[in-house]
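Take a look at the structure set out below.
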């Protein structure tokens, strides 16, 4: 049977008071720390607050308490997508789909992960850590822009030009994502763009 804090948390969530919902779910968890549903529900409130790391933590705890709780995997997958951890998200969603085969949300989110993973791989970039600790993107592969002494300077210049073109193309192509929520009277859509350069 639901406790008073849990009931109030659900009401707060329904009223879009997500921070209050998190506090009330935390209170309910203190009363019943072994209820996986409470952690999964608090994870959803964290997602609404864009607190994705906390959402993953709560979803993991819910899965630990109840490994067959499908909504916990859904919360983890959703939060990991927001954190751009697409491989982790896909694994979580595939595991959750096994417990909710009629829930199309899993298939839709898995397809979304596949698209993001494919886009990452097709960009041909991998991240490397430079000596000063900053992360630099370089083309993946065997590094055709490096020349040996027998190839002469021409091949090296061609390789550098190719790298420059690849990096320029990658920098020019912004990455987009969106999120939305719906109320009876309105739909709110938020668009996010990475590496977007506004025209002067």
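Glycine is treated like the rest: Cβ placed from N, Cα and C.
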> Looking at the ranges 82-125, 126-169, which is given as region 'Disordered' in TrEMBL?
Replying inline: 126-169
> Short question: which residues 6 or more past the ends of the repeat 'TPR' (36-69) have a Cβ under 8 Å from it?
Replying inline: 6, 9-10, 13, 16, 18-19, 21-22, 25-26, 28-29, 75-76, 78-80, 82-83, 92, 99, 181
